[in-house]
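Pulled from TrEMBL, these are the features on record:
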COMPBIAS  1-17  compositional bias 'Low complexity'
REGION    1-97  region 'Disordered'
COMPBIAS  31-43  compositional bias 'Polar residues'
DOMAIN    143-502  domain 'Kinesin motor'
BINDING   Gly224, Gln225, Thr226, Ala227, Ser228, Gly229, Lys230, Thr231  ATP binding site
REGION    342-420  region 'Disordered'
COMPBIAS  346-362  compositional bias 'Basic and acidic residues'
REGION    534-553  region 'Disordered'
REGION    785-814  region 'Disordered'
COMPBIAS  790-800  compositional bias 'Polar residues'
Amino acid sequence: MPQIPSTPSSKPKAAASRIPFTPRRPASVLSDVSTPSLLSSNTKRYKAAISTESKPRTKQIAGLTIVPGSPTKNKKSDGSRPKTPTTPRRNGADDSLLSVNTSEMDVSRVDPEEALVDFETVEAGDMSADIDPSTLSDSAQDKVLVSVRVKPTSNHVAWDLPSSSSQTIKLNPQYAKSSSTAPPEFHFDELITGSENKAVYNKVARNHVISAMEGYNALVFAYGQTASGKTFTLTGDDDQPGIIPRAMKDVFAYIKHTTREYLLRCSYIEIYNETIVDLLAPPSSQPVQIQGSGSNVWLSPLREEVVTNFSSVKKVLERGDANRRTATTDWNERSSRSHSVFRVVIESRERGSGGSSRKDEESSTNGRMTPTGRMTPGLRPQTPGGTRLQTRDGRSVQTSTLSLIDLAGSEKATSDKERTREGKYINTSLLTLGSVISTLAENSAKGKSDHVPFRNSKLTRMLQPSLSGNARISVICTINPDVSATVESTSTLQFAQRIKKVQLNATKKEIVDTEALIERYRNEIEDLKRRLEDKEKDAPARSRRLSAREQLDESKAMKDLNSRIQQLTKLILTSQTVEDASRPGSPVKIDFDMSPYELQQELLSARREIESQAVQILSLENSLRDRPLLPPDAPEGEKDKLIMEQGKAIRELEIVVKGYEDNLGEPLRAVREDVENEWQVKLDEEIKKRQEKEAWADELVKQLEREKKMRLKLENERQALAAFVSKFDALGLGGLGLPPISVSSTTTTIPFNPPKPTPGGANAIFAERQKNRLLVGSLEPFKIAETNEPGPNSDLSVTESPLRPSTKAKMENQPSLLEEEWEGVSMQVEDFENEAMAMMNTAAQVKEKRNSFFKAFGAEVKDVFGMGKENVPAAAS
Ligand SMILES: Nc1ncnc2c1ncn2[C@@H]1O[C@H](COP(=O)(O)OP(=O)(O)OP(=O)(O)O)[C@@H](O)[C@H]1O
């Protein structure tokens, strides 16, 4: 129930001096805006052109400005009237019309602190007749309030209309589909007839408006067949203002009776052919999108206007109504072709204790006020989602919404193509609303949780949070009782019957000013700690003075202090979690309306979130492990100092890391890339070279093998030559080794034992040696190898020897294993040749000695050495 301020007054402005900060009629801000009268003849309109017949009926009445397009009471459509050719298109509107759509009260421009409304700012004209709080019901409303309004008619009616006290409506039996079954009968919370809009408002909407002011979300909507009176009920006309203007008057009346201060923001949209249009935004604006999912949906971009009195509300309504799509149909001269939603966001907080004026409060909040009384922008903590009323000094902010919806009416196909197309969209979305309500009702009645097709239309998707239970709902079903409309009226009543079963569980939403609470707790803790310290210091001296009983009391007092400190410390933790709890929680239920792709995306992002949290936990654990050690009982000052130092170091490191990344990160990555690109080529070349060398080395090994064999062969030949020389020596002809010649008195005897000559003789052996030497020295042994023994690498073994010019050129500056080895072999060959030469010399000496011997001893031994013959001496044969 609203709280009555301590100084209520029917004329508060006169009684109480105005607080300087309190905006003096903030409406003046709006009234400064040159909003052209929408009814003046030279003002262009966005709305549908009114048919020639209806134009003269729109007149300006003193007091309430006519909301353009308000239907004229009891005007019947004759069907012969010229129809509105097309639904208006706003995009082609000229610039002059933009002024109609701009307002300085746009919430993004207004400082909420300056647009607050409270009992001091509300004036008599803003309010309905004063609300008597005691007459308002605040009982828990867990069911939808369903009322039926029957449009007055002079035609023959199909329904048995009830007496004033009854809430039952029954179809007259003669109009029932079947005579065998009882005619349908419906019971509702309210059944209203007549044209009195005040009674309707009081019965169906007033409690919901009050609920919204108390912090509950509230939704009032009108449902019914076209031309049954929905717009008449919601908007009304000058004689009979409807629910919207009356509700807004009650909003101000309520504020008048409370000690709270309010920030009121209005938005006005329509859903036309499944497109959401912001009726307060300029014509060229983007269509509004529904954001979020499940119970947490919002509209964006959405223009919200701050309203501070009834006159500013009226202007907002006029602007919105001027932009609504209406057209003449077969049934309604001015039929709404769209669903419209007028919504007020109500934020409130306590005005502060001690009856201090707002000015005093602002001055006390850390001197944040400018000399002009304005809050310095930017000093106020920012709220996500834009300018909002802020919690302050422990005062929580309560937020709720009041949504007043005029649905387009269900209708049959018409002769007009455009109207028929619109009608299809209207019927489809109403059908969806019907099936959503049916499922919700079923679920509530049977405790089921069947899939609710909220996503099948923009309307139901937008209403999902409210229809899911978090709003107090009132539905007015309007029917035309004419016999010709029996089917439509029955269908409307059936819808009304179903929605009655939907279960609601609206809760208040409160944002707690945790900072202020925490600050208060902290101060108290500090104070208690100081007192405890003082007591502990004096304890030894005092205990000597105190009696046993007093000592006991003293220790109990200290214990109490201690436990209070502990309790407050716990409270700090609790209050820090309050804010989180007030935010919309993560969805615990699966939203079956989401597509598999959306679900996958959600799953993916949830996994990513978990991963990042795991990383965060790890890093926190690490920092916990690495934290500098301080004894738990270290003085608080020391701990604070350490924390400060750590914080400073962290900040410095962050700056360094950021600077590093900003200045060096990218260039270093580029350098690394360049180096990799450049050196990769070289590395590849080196690998190729190495492979070539390995192949060459393999070939070399094979070649050495061949040379080894050749050396063996040479060795054999050398041994053969040596054998020859030995034989030669054995003849006793070698140098000093010649056998001694014995001379007697008669004869001289030479010991004669000549060796058997080697085949071919010494010369042949020598010639062969020479040949071999040339062969070895020619450095072309590989030709032999190439032809005789092809290696595993046929390219190399056949077409290129390791010593071929190309390879040799490559290896020019490198020591050749083959050459080294060849060197050794050559030396051996040379030794062998030297040896052979020495033998040849010896042989020459022997020859010489032989000649001299022949000369001395005759011809007996003349041919021993075969000087004229090459082969075996005669003696030997
Ligand atoms: N209870 C009523 N008393 C007097 N006149 C009424 C009442 N209900 C409706 N009318 C009149 O009937 C006509 C059609 O009403 P209204 O435009 O409100 O219907 P609607 O349901 O909003 O139609 P639509 O869905 O086509 O927009 C209007 O001229 C209106 O003044």
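Backbone N, Cα and C atoms are what each Cβ position is placed from, and that goes for glycine too.
Keep in mind that TrEMBL annotations are predicted by a computer and have not been checked by a curator.
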Between the binding-site residues Gly224, Gly229, the one whose Cβ has the fewest other Cβ atoms within 10 Å is Gly229
For the region 'Disordered' (534-553), the DSSP residue counts stand at 18 helix, 0 strand, 2 coil
Mapped onto three states, the DSSP assignment of Thr226 (ATP binding site) reads coil
Across all protein chains shown, the binding-site residues Thr226, Thr231 give the max Cβ-within-10 Å count at Thr231
Filtered by Cβ distance under 6 Å to ligand 1, the binding-site residues Gln225, Thr226, Gly229, Thr231 reduce to Thr226, Gly229, Thr231
Candidates Gln225, Ser228 (binding-site residues); min other-Cβ count within 10 Å returns Gln225
Going by C-beta under 8 A and a gap of 6 or more residues, the same-chain neighbours of Lys230 (ATP binding site) are Ala222, Tyr223, Gly224, Ser336, Asp406, Leu407, Gly409, Ile476, Thr478
In three-state DSSP terms, Thr231 (ATP binding site) is classed as helix
Around the Cβ of Ala227 (ATP binding site), other Cβ atoms found within 10 Å total 24
Model confidence for the domain 'Kinesin motor' (143-502), as mean pLDDT, reads 80
